[in-house]
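Engineer: I am attaching a structure below and will ask some questions about it afterwards.
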Amino acid sequence: MQGRIVKSLAGFYYVESDGVVYQTRARGNFRKKGQIPYVGDWVEFSSQDQSEGYILSIEERKNSLVRPPIVNIDQAVVIMSAKEPDFNANLLDRFLVLLEYKMIQPIIYISKLDLLDDLVVIDDIREHYQNIGYVFCYSQEELLPLLADKVTVFMGQTGVGKSTLLNKIAPELKLETGEISDSLGRGRHTTRAVSFYNVHKGKIADTPGFSSLDYEVDNAEDLNESFPELRRLSHFCKFRSCTHTHEPKCAVKEALTQGQLWQVRYDNYLQFLSEIENRRETYKKVIKRK
């Protein structure tokens, strides 16, 4: 039988096949091979009934996220709050870099718009991201049609209202929500488990909130590929390995000078590039000491 893992709990894997969910375990040979089944995996399994089955094999994955481990994702809704906590373009771009690198389609959702006096600033931000090619939503009415026939994960900084949004989309989930701590300005983690839920003709998964995010991109080329607007422009740079920092005849810097590239995104790119280089230097020093 074939199916997809929709939940994992205490060593059991719940596999959905033709609308029926089977409780299964992984064969011991998975541990010997260093393989671990994850939510989202397509698997071959055997089962005598719905409560006692075994996973026999795992199909190749198209992508994966580490925190939490979840695989074969179509798209991700990145929830950013307009206020409390304040909108943070740097953090949003970290999420977008990760998703671009993983080849997961991003959807940007802005929460807590009611806390703003007006939408002038956030409308300007929306226009910039839409010009790059990103889908940008203000309401669940805009978001809901995008969920059909997709596996969607929800992610974002703690306190941005992920669980609140999911409870509005699917009240039957009854996810716990946490308020912002006045002393820390951060939300309490309220999401503890990862499961797929059938919502609006698609499958969604909630993921634990992040107060920070480390992306897996570790070189300039992959970073460039993870910024769509830089990726498009880089074909016109004189040097194929252009980092868009000091090289002559750089199409990215020319676009920036002409106002065709958003300065905020370019500054974040430079910061991420610097972080990559610093990590590399730190790694070299550690290796040298050994």
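Easy rule for this one: first residue shown is 1, then count along the chain.
From the backbone N, Cα and C atoms, a Cβ is placed for every residue, glycine too.
Here the structure is a predicted model, which means the values were calculated and not measured.
Per Swiss-Prot, GTP binding site is recorded for Ser111, Lys112, Leu113, Asp114, Gly156, Gln157, Thr158, Gly159, Val160, Gly161, Lys162, Ser163, Thr164. Swiss-Prot lists Cys237, Cys242, His244, Cys250 with the feature Zn(2+) binding site, giving sequence analysis as the kind of evidence. The domain 'CP-type G' feature in Swiss-Prot is assigned to 62-213.
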Engineer: Got a sec? Which of these binding-site residues, Lys162, His244, has the most Cβ atoms within 10 Å?
Structural biologist: Lys162
Engineer: When neighbour density is defined as the number of other C-beta atoms within 10 angstroms of a residue's C-beta, which of the binding-site residues Ser111, Thr164 has the lowest density?
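Structural biologist: Comparing Cβ neighbours within 10 Å for the binding-site residues Ser111, Thr164, Thr164 has the fewest.
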Engineer: Between Gly156 (GTP binding site) and Cys237 (Zn(2+) binding site), what is the CA-CA distance rounded to a whole number of Å?
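Structural biologist: Between the Cα atoms of Gly156 (GTP binding site) and Cys237 (Zn(2+) binding site), the distance comes to 34 Å.
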Engineer: Quick one: Cα separation, Val160 (GTP binding site) versus His244 (Zn(2+) binding site), in Å?
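Structural biologist: Cα of Val160 (GTP binding site) to Cα of His244 (Zn(2+) binding site) measures 33 Å after rounding.
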Engineer: Return the residue, from the listed binding-site residues Thr158, Val160, Cys237, Cys242, Cys250, with the maximum count of other C-beta atoms within 10 angstroms of its C-beta.
Structural biologist: Val160
Engineer: Given the recorded Zn(2+) site (Cys237, Cys242, His244, Cys250), which additional residues of the same chain have their Cβ within 8 Å of the Cβ centre, ordered by sequence?
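Structural biologist: For the Zn(2+) site, the extra neighbours are Leu233, Ser234, Lys238, Phe239, Thr243, Thr245, Glu247, Lys249, Ala251, Val252, Lys253.
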Engineer: Just checking a number: largest C-alpha distance across Ser111, Lys112, Leu113, Asp114, Gly156, Gln157, Thr158, Gly159, Val160, Gly161, Lys162, Ser163, Thr164 for the GTP site, rounded to a whole Å.
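Structural biologist: For the residues that bind GTP, the greatest Cα distance is 19 Å.
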Engineer: When you tally the Cβ atoms that lie within 10 Å of each candidate's Cβ, which of the binding-site residues (Leu113, Gly156) has the highest tally?
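Structural biologist: Selected residue: Gly156.
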Engineer: Spatially speaking, which of the binding-site residues Cys237, Cys242, His244, Cys250 is closest to Leu113 (GTP binding site)? Use C-alpha to C-alpha, please.
Structural biologist: His244
Engineer: Do you know offhand how many angstrom separate Thr158 (GTP binding site) and His244 (Zn(2+) binding site) by C-alpha?
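Structural biologist: So the Cα of His244 (Zn(2+) binding site) lies 33 Å away from that of Thr158 (GTP binding site).
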Engineer: Rounded to the nearest Å, what's the C-alpha distance separating Ser111 (GTP binding site) and Cys242 (Zn(2+) binding site)? Just drop the number here, would you?
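Structural biologist: Cα-Cα, rounded: 37 Å.
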